[in-house]
Amino acid sequence: MSVLVSPRRGMTVNLVLQVAFGLVAMTLCLPALPDWAHEFGASQATVQLSFSAYVAAYGSLQLVYGPWSDRLGRKPVLLFGLALAVLGSVLAALAPNLSTLIAARALQGAGTAAGMVVGRALVQDWFAGHERPRIMAYIGMVMGLCPPLATLLGGYIHVQAGWRWGFVLLAALALLAWVMAWRDIPPGRPARAMPAGGSAQEPPRHWLRTLASAYARLAREPAFLLYVVVLASTTAAFYCFLSGAPIVLAGYGVAPQQVGWYIMAVPFPYVLGNLLTTRLVEGWGERRLMAVGQCAVLLGLSLLLGLAWAGWRSPLAFALPLVFIGVGHGLLTPPALAGTVSLVPALAGSAAAVAGMTQQLLGALAAYGVGLVSHDGPVNLGLLMLGASLAGLLAQILLFGVVLRRRAARNV
C-alpha cells in the first residue's frame, strides 16, 4: 500500500526507460537509411521496409502483450520482450544483408512493444489518483525528446563509427532495461488489480479466447473508446507534422541539416506541456487540463493557417505556431493516457495495447495522407492536422459531456 501513496523514484525511472526505449530503437538508425541503399545495393523503397517492419511489429505485438500481461503478470512479459529486443539488436548489428537487417528490425520492434504496453499498465497498477497523470507526464516528457535526440545521436554514431555501432548501443540499452526490470519491478500485481476469476499468474489455456474476451470487454466501454480516439487523433496530427514539415521547410530553402532544429518546435514545448501537467493536474483536474490542451492546439493551428493565408510564409512563421501545438499536446496526452488504463483496472495491459496500436496505425495512415497532397506552403499540412485535431475535440466533448456524466450518474 505504501507504494501507492509514495511511489519510489526508482520505479518511475524504470517505467520511463521501458516506455521510451522503443522510440529510441525506432529512430536511432534513421540517419543511416540513405546509406543502406548504397551499401546493400537496394532501392530506397526496399530500405524503407526496415522502418516499416519495426513499426508494424511494434504496433501489432502490443495487442498480444497487453492481455498476456493482464493474465501472466507484468514482469515475465516485459522480460520476454526485452530479451527479444536484445536479440534483434545484436542480429541487426551483425546483419550481412538487407533481408537479415529487415528481419532483425522486426524482431527488435516485437520486443520493444512489451515495454510500451507494460510500462503504461504498471502506472495503473502501482500509482493512485493524481499520481497517474503525473507519472504519465514524466513519461511523456521523455517520449517527446526521444525521437529528435535519438535521431541526432544516431547521425553522429553513423558518421563517426558506423551504423552497426548504433545497434550495439541499442543492445546494451535493452540489456540494461532487462536488468532494471528484473531487479526493480515486483512480481505479480497489486491485489486490487487482479482480474476476476483467477490468479494473474495463471497462464491462459486458450490464449485466443483470452485476447477476444479482453478486447470485447473494452469495446463495451464507450469512455475507453473515446479516450483512444483522443489519443489517436493527437498522434495523427503529430505524425502529419513529422512527415510534412521537412517538405514545407525545404520549400522555404531550409538546408537539410537545419530542418531538425525547426522540428524541435513541437517536441520541446511538448515537454513543457507535460511538465505543466505534473504541476497542475491536482488543482485543475484531468477534464480541465485536456480542454485547455485542445484549445492550445486549435489556437496554434489557427495561427499557422492564418499567417499562411495572410502571406506570412517563412520558416519562422511556420515554426512559432507549432509551440502552441506542442504545449497543447503535452497538456492533453498524459490525462488521456491515464484515462485509458484506469477505466477497467483488471485489463490495464489490454487497454494500453489497444491505445498504443491505434495510435501507431492512425499515425501511420495520417503520415501516408501527407504524401497524397501538394505542399506549396503549410496550408494543406495545417488542414490535415486541423482535421485530426477536430476529431479529437469531438471525441473529447462526447467523453466529458455525455459518456462520463452518464457513467457517474449510474454509479451514484
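The backbone N, Cα and C atoms fix where each Cβ goes, and this holds for glycine too.
Features reported for this protein in TrEMBL:
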{"type": "DOMAIN", "residues": "1-407", "note": "domain 'Major facilitator superfamily (MFS) profile'"}
{"type": "TRANSMEM", "residues": "12-33", "note": "transmembrane segment"}
{"type": "TRANSMEM", "residues": "45-65", "note": "transmembrane segment"}
{"type": "TRANSMEM", "residues": "77-96", "note": "transmembrane segment"}
{"type": "TRANSMEM", "residues": "102-123", "note": "transmembrane segment"}
{"type": "TRANSMEM", "residues": "135-157", "note": "transmembrane segment"}
{"type": "TRANSMEM", "residues": "163-182", "note": "transmembrane segment"}
{"type": "TRANSMEM", "residues": "224-253", "note": "transmembrane segment"}
{"type": "TRANSMEM", "residues": "259-277", "note": "transmembrane segment"}
{"type": "TRANSMEM", "residues": "289-310", "note": "transmembrane segment"}
{"type": "TRANSMEM", "residues": "344-369", "note": "transmembrane segment"}
{"type": "TRANSMEM", "residues": "381-404", "note": "transmembrane segment"}
Intrachain residues whose Cβ lies under 8 Å of the transmembrane segment (12-33), provided they are six or more past its termini: 44, 47-48, 50-51, 54-55, 58, 78, 85, 89, 92, 108-109, 112-113, 115-116, 118-120, 122-123, 135, 138-139, 142-143, 146-147, 150-151, 153-155, 157-158, 163, 166-167, 169-170, 173-174, 176-177, 180-181, 184-185
Segment-level pLDDT (mean, integer) for the domain 'Major facilitator superfamily (MFS) profile' (1-407): 82
Seg_contact(the transmembrane segment (77-96), the transmembrane segment (224-253)) with at least 3 CB pairs under 8 angstroms, min sep 6: no
Contact check, the transmembrane segment (259-277) vs the transmembrane segment (135-157), 3+ Cβ pairs under 8 Å, seq sep 6+: yes
Same-chain residues at least 6 beyond the ends of the transmembrane segment (45-65) whose Cβ lies under 8 Å from its Cβ atoms: 22, 25-26, 29-30, 33-34, 36-37, 77, 81, 98, 101-103, 105-110, 112-114, 116-118, 211, 215, 349, 352-354, 356-357, 360-361, 364
Non-local residues, at least 6 beyond the ends, that sit with Cβ under 8 Å of the transmembrane segment (224-253): 147, 218, 259, 262-263, 266, 290, 297, 313-315, 318, 322, 325, 329, 332-333, 336-337, 339-340, 343-344, 351, 354-355, 358-367, 369-371, 375-378, 381, 384-385, 388-389, 391-392, 395-396, 398-399, 403
